[in-house]
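Read through the structure below, which is laid out as structure tokens, and then see the notes.
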């Protein structure tokens, strides 16, 4: 047995000696032909190979395969396991080399580094002679980030722009499309859902508010987590939350559960905008970033068009429904809610095929993962361009030194929920600290000014875009009221009413021994009238009231004439039998008004297409600030035309005009937000600003709609002032065109 171990050890030592001799001779031959080479990125020269000292030719006896034989003499050999025998620290193979990945620590000697400036002996993110991590200053950390930014930009240029970016463009576009759909879903289903769920005006207002509240929470939550856990992972989770609760909301029956599902659906989709733009920007080189981020904004418009088209095609089809008794009803509007979850589901499926952002990997010290993703980008684009032979030549990428990590505790420490609690608290503390750093000395001014721009833009845009349809409905109501027919002092005896009465007022009438059977009443009012010995059967009504009327010996059978419809009326010896079941409230239902909501939203969303195209083509030519300020000024000017909107067609045209000129400012604001913050704060800052945007939207909608039917001057003044303030603040921000991504 001992003889076998001795032979084995001798064989290993001989093989190692041969390998080292071959390595040294190869190095000498290469050095003779090419003594020194120069890095094309860093312009830095270094030796291709260097002699190595091999002091440890064989493992210590204490590393023995058999734990009890560690005291044997080295020459006897029984001191190595299958995992460690033949181990030489100088000849140790870097783990990633099994997959062809160069080591993060290999940039000091003999390897090519991608960089835009010379780096002195960078190894693993630390410069030569640098002190321990605890003594590192903010200036040194800033220097590292600047070096990484230049280096990363050079790598993206080598990877080129091609098939990989376009594939990711459509994948992330689906996620952005899901956000555009979410904004319109509740507004489209309310005319139909209000009867099924018996929604009062306050219930409808809360349902519209809860979506923005959920998106506000989601933007802040997922934006902060994406800087710590990764863009792709957080986007997958947020879209999954959105799709699951959107699916549930199409089946739940009660108002409370529907409200809860739409809240969590909004929380899920709230992460899409901050993560999508940050994620995509980290795969784009500087010369492509502004244009392609603007093209990406088109998917939000596509989401709005998709929602309007689906509402128009699905909701009016009452045959697309079924009922299980009187407790469970599934009408066509629920099919529409289900269909609106499709973009989110498709985005999840497509996103699983995409890699994590390599910039996130580098910011978190994951060199190997970043190198593999960038190699995938390079190889995909080169194959698509017909150059599969081109090799990804970058062998070292700078990584940022990590000063804080998630707290790890042993698996045998406490219970599983205690361990998860510790990790969650640690993660929450890091997210909160990262958020507070956006208000640190370096970024305080930028953050405060961006808050002002985001708030004013959102306040005016969302306020006006909701005010427009409300004004259109008000104009429709005014026109409808102008066509009301009035019947004063009529006397009707022994007549059977079995048809439809609409938009009528009957004053001072007398109805004696009349029958109202199968009657449909829509916007009908009876005032100061007498009903004696009358019979009402199977009567349905909406917006119908009896004011100051008297009913004598009258029977109501199977009607929906509930108590609140009799205003200051007297019922003498009158009987109500078997009232209709269902919602006792007046609802508008689906009809011409609902169709108008779909049509106006469809046109208003489609009208932003020209603005999207213009902003994409000019974003990198005129700059982000000029685009933002110019579009805001044009939007401000367009607000003054609102005073001329005295008809439906005029208001629709003004809505399209405002949407078309304001979209360019939104595109510029998205690009500017991405480029103003560094990679470790990008989604956190974007998420916070987007959450502020939703808060401003709620305020704008509440304030603007309160003036409907009262005055148009106040909304015009508020919107113009907000846009003017936003454009003036935007001009004080730094221009980011031509800058590398921090």
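A Cβ is built for glycine as well, from the same backbone N, Cα and C atoms used for every other residue.
Bear in mind that the values here come from a model prediction, so they are computed numbers and not experimental data.
Residues or ranges marked as topological domain 'Cytoplasmic' in Swiss-Prot: 1-169 (among others). If you average pLDDT over the topological domain 'Cytoplasmic' (1-169) in this model, you get 51.
Annotation source Swiss-Prot lists phosphoserine at 80 (among others), citing similarity to another entry.
Under the heading phosphoserine, Swiss-Prot lists 81 (among others), citing similarity to another entry as support.
Residues annotated as phosphothreonine in Swiss-Prot, with similarity to another entry given as evidence: 84.
For 127 (among others), the entry in Swiss-Prot reads phosphoserine, with the evidence type similarity to another entry.
Packing against the transmembrane segment (170-190) from elsewhere in the chain are residues 199, 204, 207-208, 211, 215, 235, 239, 242, 246, 262, 265-266, 269, 272-273, 275-276, 279-280, 296-304, 306-308, 311, 315, 333, 336-337, 340, 343-344, 346-347, 350-351, 353-354, 597-598, 601, 605: each is 6 or more residues past its ends and has a CB under 8 Å from a CB in it. Residues annotated as transmembrane segment in Swiss-Prot, with sequence analysis given as evidence: 170-190 (among others).
According to Swiss-Prot, the feature topological domain 'Extracellular' maps to 191-205 (among others), an assignment based on sequence analysis.
Swiss-Prot lists 206-226 (among others) with the feature transmembrane segment. Sequence-remote contacts of a segment are chain residues at least 6 beyond its ends whose Cβ falls under 8 Å from one of its Cβ atoms, and for the transmembrane segment (206-226) they are 179, 182-183, 185-187, 190, 199, 234-235, 237-238, 258-259, 262-271, 273-275, 278, 427, 431-432, 434-435, 683-688, 690-691, 693-695, 697-698, 701.
Residues or ranges marked as topological domain 'Cytoplasmic' in Swiss-Prot: 227-233 (among others).
As annotated by Swiss-Prot, transmembrane segment applies to 234-254 (among others), with the evidence given as sequence analysis.
Under the heading transmembrane segment, Swiss-Prot lists 263-283 (among others), citing sequence analysis as support. Below 8 angstroms of C-beta separation, residues 156, 164-165, 168-169, 172, 175-176, 178-179, 182, 210-223, 226, 231-232, 234-235, 238-246, 249, 289, 292-293, 296, 344, 357-360, 377, 670-671, 673-675, 679, 682-683, 686-687, 690-691, 694, 741 of the same chain, each at least six residues beyond the ends of the transmembrane segment (263-283), sit close to that stretch.
The topological domain 'Cytoplasmic' annotation in Swiss-Prot covers 284-294 (among others).
As annotated by Swiss-Prot, transmembrane segment applies to 295-315 (among others).
The topological domain 'Extracellular' feature in Swiss-Prot is assigned to 316-334 (among others); the stated evidence is sequence analysis.
Residues annotated as transmembrane segment in Swiss-Prot, with sequence analysis given as evidence: 335-355 (among others). Counting same-chain residues at least six beyond the ends of the transmembrane segment (335-355), those with a Cβ under 8 angstroms from any Cβ of the stretch are 167-168, 170-172, 174-175, 177-178, 181-182, 185, 188-189, 232, 235-236, 239-240, 242-243, 246-247, 249-250, 268-269, 303, 306-307, 310-311, 314-315, 320-321, 372-373, 376.
The residues of the topological domain 'Cytoplasmic' (356-447), classed with DSSP into helix (H, G, I), strand (E, B) and coil, number 50 helix, 1 strand, 41 coil. Summarising the annotation, Swiss-Prot assigns topological domain 'Cytoplasmic' to 356-447 (among others).
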The topological domain 'Cytoplasmic' (620-626) - residue tally per DSSP class, helix then strand then coil: 6 helix, 0 strand, 1 coil
Cα-to-Cα gap, residue 573 (N-linked glycosylation site) vs residue 498 (N-linked glycosylation site), nearest whole Å: 24
Residues of the parent chain within Cβ reach of the topological domain 'Extracellular' (648-651), under 8 Å, 6 or more residues beyond its termini: 468, 471-472, 475-476, 596
Seg_contact(the transmembrane segment (448-468), the transmembrane segment (713-731)) with at least 3 CB pairs under 8 angstroms, min sep 6: yes
Cβ contacts under 8 Å made by the transmembrane segment (295-315) with residues that lie 6+ beyond its boundaries: 169, 172-174, 176-185, 188-189, 192, 276-277, 280, 332-333, 335-336, 339-340, 343, 590, 594-595, 598-599, 601-602, 605-606, 608-609, 612, 615-616, 663, 666-667, 670
Pairwise CA distance, residue 548 (N-linked glycosylation site) versus residue 393 (phosphoserine), rounded so that it is a whole Å: 89
Two-stretch contact, the transmembrane segment (713-731) and the transmembrane segment (599-619), at least three Cβ pairs under 8 Å: no
Count of other CB atoms lying within 10 Å of the CB belonging to residue 548 (N-linked glycosylation site): 14
Neighbour-count leader, CB within 10 A, recorded positions: 393, 573: 393
